[in-house]
Amino acid sequence: METLKQTVASSFEKTFGYQPEIYVQAPGRVNIIGEHTDYNDGFVLPCAIDYQTMTAAAKRDDRIIRVVAADYHNECDEFSLDSEIAFLPEKMWANYIRGVVKFLLQRGLLFNGCDIAVSGNVPQGAGLSSSASLEVVIGQTLKALYQLDISQQDIALNGQQAENQFVGCNCGIMDQLISACGDEGHALLIDCRSLALFPISIPDDLVVMIINSNKQRGLVGSEYNTRRQQCEEAANLFGVKALRDITFDEFLQKQHLLSPIVAKRAKHVISENERTLAAAKALTQNDLLQLSELMAQSHISMRDDFEITVKEIDTLVDIVKSVLGVQGGVRMTGGGFGGCVVALMQQQCVQPVIDAVEAQYQKITGLQADIYVCQPSSGASVVR
């Protein structure tokens with residue numbers, strides 16, 4: 001985190017010619033289990049990771065917001081709080097910030113301008129929520145600068161609103177919530193309907209490993225939207241608000257109402273909800289055997305019923321599973337069609353897993369994987 005702090009400090013001073021007042025961070029996240037359940041009003045079990053987006057910031061006396069992006073060659077954006085905040089097709093990074101500010105204003109929050117430098121080390125395009133951590137850190141920065149009366153939950157909802165309605169990407173609430181509300185040493189069991197959060201302690205001897213397949217995630221937008229529509233179709237045919245309202249037994253009795261493909265999609269979501277609740281319990285009881293089994297079932301369900309994995313991801317899961325056996329769990333995480341796998345394991349398994357991935361993955365796929373060993377971290381905060 002110190003390196004990030006130096007990066008934003010230097011970018012701020014170079015661009016604006018004075019020193020920042022505060023530093024704020026918001027983490028990326030990995031979802032341990034509960035995939036494509038969030039927009040079905042279901043349950044997810046993410047944890048915040050020790051990779052974050054950070055800002056250096058200071059208040060201004062006028063109504064201008066100036067932002068410099070250290071990761072984009074110190075490219076700058078500037079806009080006024082008194083004019084219509086417009087979308088910039090040529091400067092995508094800036095739209096996340098503009099969207100957050102626009103919706104904070106729409107909530108009736110009162111603040112003046114500010115200068116912000118921003119940088120992050122959350123790997124982009126890997127499905128670890130670099131965009132959500134950017135939205136949350138901007139909300140948190142304005143909250144800290146102007147003592148805004150806004151809860152962490154509303155900072156998350158505001159970020160989601162910016163991404164859905166301003167940037168134009170249809171995402172659930174999980175990514176922003178875990179970034180805003182994460183708890184060090186814990187995963188959060190999130191009820192995506194009520195937004196209730198239940199901290200679930202991750203045993204000290206467990207390590208969270210994220211492996212980026214570096215398979216470019218094609219089809220994500222179109223396929224994601226198709227899956228969403230299929231889930232909504234299933235809920236409508238079952239006569240419920242969302243798939244979260246159907247138990248697996250009810251699904252088995254009623255699946256004849258659905259077309260075969262929609263039935264497969266619904267089967268994944270309904271069974272994944274049950275697995276997520278069971279996984280939270282297994283973590284609480286430090287039952288690695290049960291967790292291993294649940295993560296394996298989750299992956300098979302994503303592969304065979306939801307059909308969102310690809311050969312490279314399945315290969316990584318097989319390599320890791322062959323080393324871990326029942327001494328840990330592994331599955332694809334994120335939206336699908338590439339991206340990352342997540343594994344939970346004891347410390348002594350870390351090196352053997354890294355060795356196996358390095359020895360086999362590139363040979364089989366022609367791609368090189370990136371491996372991140374993470375600690376479950378706290379959510380957005382001012383950095384002292």
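Keep in mind that glycine also has a Cβ here, set from the backbone N, Cα and C atoms.
DSSP labels the residues of the domain 'Galactokinase N-terminal' (11-59) in these numbers: 9 helix, 29 strand, 11 coil. Sequence annotations record features per position, and here TrEMBL assigns domain 'Galactokinase N-terminal' to 11-59.
In this view, ARG29 (site 'Transition state stabilizer') is surrounded by 33 other Cβ atoms within 10 Å of its Cβ, with every protein chain counted. For ARG29, the entry in TrEMBL reads site 'Transition state stabilizer'.
The substrate binding site feature in TrEMBL is assigned to GLU35, HIS36, THR37, ASP38, TYR224. Here THR37 (substrate binding site) comes close to PHE43, VAL44, CYS192, ARG244, VAL269, GLU272, ASN273, THR276: these same-chain residues lie at least six apart in sequence, with C-beta atoms under 8 angstroms from its C-beta.
What TrEMBL records for 95-182 is domain 'GHMP kinase N-terminal'.
For GLY125, ALA126, GLY127, LEU128, SER129, SER130, SER131, the entry in TrEMBL reads ATP binding site. Shown in sequence order, GLY28, ARG29, VAL122, ASP175, ILE178, SER179 are the residues of the chain, 6+ apart in sequence, with a C-beta less than 8 angstroms from the C-beta of SER129 (ATP binding site).
Counting only same-chain residues at least 6 apart in sequence, those with a Cβ under 8 Å from the Cβ of SER131 (ATP binding site) are TYR96, GLU163, VAL167, CYS169, ASP175. The annotation Mg(2+) binding site is assigned in TrEMBL to SER131, GLU163.
According to TrEMBL, the feature active site, proton acceptor maps to ASP175. In the three-state DSSP scheme, ASP175 (active site, proton acceptor) is classed as helix.
Annotation comment: TrEMBL describes 279-361 as domain 'GHMP kinase C-terminal'.
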Exercise for the section: Measure from the Cβ of ASP38 (substrate binding site) and count the other Cβ atoms within 10 Å, all protein chains considered. Expected result: 22
Fill in the blank from the handout: Whole-number mean pLDDT, the domain 'GHMP kinase N-terminal' (95-182), equals 95
Practice task
Provide, as an integer number of angstrom, the distance between the C-alpha atoms of ASP38 (substrate binding site) and GLY127 (ATP binding site).
Solution key: 15
Practice task
Look at the binding-site residues GLY125, GLY127 and tell me which residue has the greatest number of other C-beta atoms within 10 angstroms of its C-beta.
Solution key: GLY127
Completion exercise
binding-site residues considered: ALA126, LEU128; fewest surrounding Cβ atoms within 10 Å belongs to ALA126
Fill in the blank from the handout: Sequence-ordered list of residues in the chain of TYR224 (substrate binding site) that lie 6 or more positions away and have a Cβ within less than 8 Å of its Cβ, or none, is ASN170, GLY335, GLY336
